[in-house]
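Contents: one structure, followed by commentary.
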């Protein structure tokens, strides 16, 4: 009995060895008709600074635009200066536009200086496209995000409440916009929902301009979409702001 098992084991080893040698022989001789070579076009050395520096500016633009406008409105309400504005010959539209333009201008100037001084100057990250075209995209993005900040400032009653709202709003805007993770790896429902957010289109046009050197003929759909989304958010924020002002009057 033991000799039979030993013989069976020998036969299995011989057959297995022959099969493996046959497969290895034909596998080694097979040649592919083409040779695949992966090359990185816009970041050949895969340097983290070239991607991280620009994305940090994009994320900070969104965060500062919402924080500054929302906190400015809440602080005026806490200090009672909103009542002073109500007795002045200005409309809620003019009050809201003043906050949007003042805070947006601050973020616009700081983002431009950060891009030229820190990214280009200190980190030596090359900018392939037009900086003025990118700044125009920043202005359109600020038009939408500052409107979101005004709306959040009318919903929150204090700075702690605004901070909690910021967590709920900023995390999806930054994580699901395509800057941190590819949109292609997200569920289709999430991709469709994020198309209604300004950060998705802002990240798309910013990467196209700064990394790939795209001109206006390529990124004009993102510009037009940002303008439309900004108009919708501005209208919603204005209606909410008028209601809040009316309750305080």
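Keep in mind that glycine also has a Cβ here, set from the backbone N, Cα and C atoms.
Of the given residue ranges 131-156, 183-208, TrEMBL assigns the label transmembrane segment to 131-156. A contact between the transmembrane segment (218-239) and the transmembrane segment (131-156) is present, since 3 or more of their C-beta pairs, 6 or more residues apart, lie under 8 Å.
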